[in-house]
Amino acid sequence: MLDFLKSYKTYLSGLWKYRVSGLVATLICGVLGIILTVVLPGNYEATARAYVDTKSILQPLMQGMTVQPDVQGQIQMMARTLVSRPNLEAIVQATGLDREVKTQKDREALLQTLEKNIKFKPAGGTNFYSLEYRNPDQQTALKVVNLLLETFVKAARTGKTSDTQHAVDFIDQEITKAKETLLKTETALKEFKIQHIEVMPNLAQDYVARSADIQRELQTARLEYRQAVNSRSAIRARLEAIPEYVPAGGSQTDGGGSETERRLEAARKKLDDLLVRYTDAHPDVINTRSTIRDLERELVRESNRPADPRPGRGKVPNRLYQEMSIAMAEADAKVASLAARVSEAEAQSKRAREIALAIPKVEAEYIQLNRDYDSNKQNYEKLLQRRDAARLAGSIEENTGSREFRVVDPPRVSPKPVSPNRPLLLVGTLVVSIILGLAVALVRELANPAYYEPNALKAATNVPLFGAITRYRDDATLRADRRKSMRFISVCALYTTVIVLLILFYVIDGGQLSEQPPVTSATQSQQVNS
């Protein structure tokens, strides 16, 4: 601690030794800082405050029925519109800010500076917004804010209908596309129904019942076909057993033919009736066949008897043979007809099986087409509802003022510059200049070291010290040193006083020689008229 105090004392002695150099550096820095602070142009701030009425009497009643306008989003969008390139260029031309612009690069820098200095932000309270701009010229700042406010109000008024109309136009385009898609799906669904009318889901159950009927018809046709074939075989067998001619003059009745032939014919008719109702294994059918065989053998024996030698007793065509030939032809026709019926029934059955296998796939495609159609229809109906809702929302905005803008505080400009902060700059100048003076004195001390105590010299040189001689100063020297010190202190005090007075001047009066009233749009108009 003692060593630290000794070194601290040494540095203080060195600073005091080179105090004049430090004071000169301080004064130079201070004067430059004061000049810079004074000559910096002041920026005047022009402001305006607007109220945005986002409430409407009808909005609670229309909740859920219309597309509610996003007022906050529209306000932010209009705020960005304020600093758009066309608006900024129009403001530059109207206010004459580009008078000193020579190149395109300078113009771009001017536009960027203008955009940076324009501020649109909430001003406290609900729905209050402030518009601010700073410029070294009061009239220019006020004019810029006036133009911005006019642009803002104009955008608010025209945006009511234009935004809604743009939304309606966009929805109309989407409706046209949705309608085309809906018509395509509707046409595809109709063509699919026509192509698969047999197996539509609403007819599927009927088709299953019809398939069962087709199977029953096929079984019936096959059964009748087998019966017809069996009947034809029986007729063919009987026809082969009957002689084509019989002796003339045999015992015949008026109906023609012998008694055996008539009995045989009756037995065959009975067999035909039995075959229609029963199968070949039925006892009545077996007995009847046995009777027919006996009668046929009897008829053969009669035909083999010698013919009667009497005149007119030769052989004549057998009427029973002729009738059986006709029956054989009818049986062939019936078999052919039933064969065609069986073939048609089999084709229908095959078609029914193919359709039955295709029903699940057809149903899946039909469900998908229905789903697409319903989805497109719902989308189309929703778009129609949105268009009506957008139009109704636009009517609400126009008729009830859901975005009503009112200027609460007209544009005005502050009577005093709001920037730069000259008092703060002067305080900084004072602090920086003092630090710079101390630094200069310290650097000179370090560059030209001196020893103010014997122990410091002994420690630095490591040489034995035998003693120290005190410097003698007479009264004249002491008075001269005191005068130098007083002059140094006076200059420091004067420098500090000047800066403090300047700070007070800017704090109290803002740098203005006389109090000026704030400039507003009205006063600006009066000045122009005068």
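In case you wondered, yes, glycine gets a Cβ from its N, Cα and C as well.
Listed in TrEMBL for this protein:
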- 257-386: coiled coil (COILED)
- 362-445: domain 'Tyrosine-protein kinase G-rich' (DOMAIN)
- 20-40: transmembrane segment (TRANSMEM)
- 424-443: transmembrane segment (TRANSMEM)
- 488-508: transmembrane segment (TRANSMEM)
Using a Cβ-Cβ cut-off of under 8 Å, list the residues of the same chain that are 6+ residues beyond the ends of the transmembrane segment (20-40) and lie near it.
420, 422, 425-426, 428-430, 432-434, 436-441, 444, 488, 491-492, 495, 498-499, 502
Run through the domain 'Tyrosine-protein kinase G-rich' (362-445) and tell me, per DSSP, how many residues are helix, strand and coil.
63 helix, 11 strand, 10 coil
Over the domain 'Tyrosine-protein kinase G-rich' (362-445), work out the mean pLDDT and round it to an integer.
82
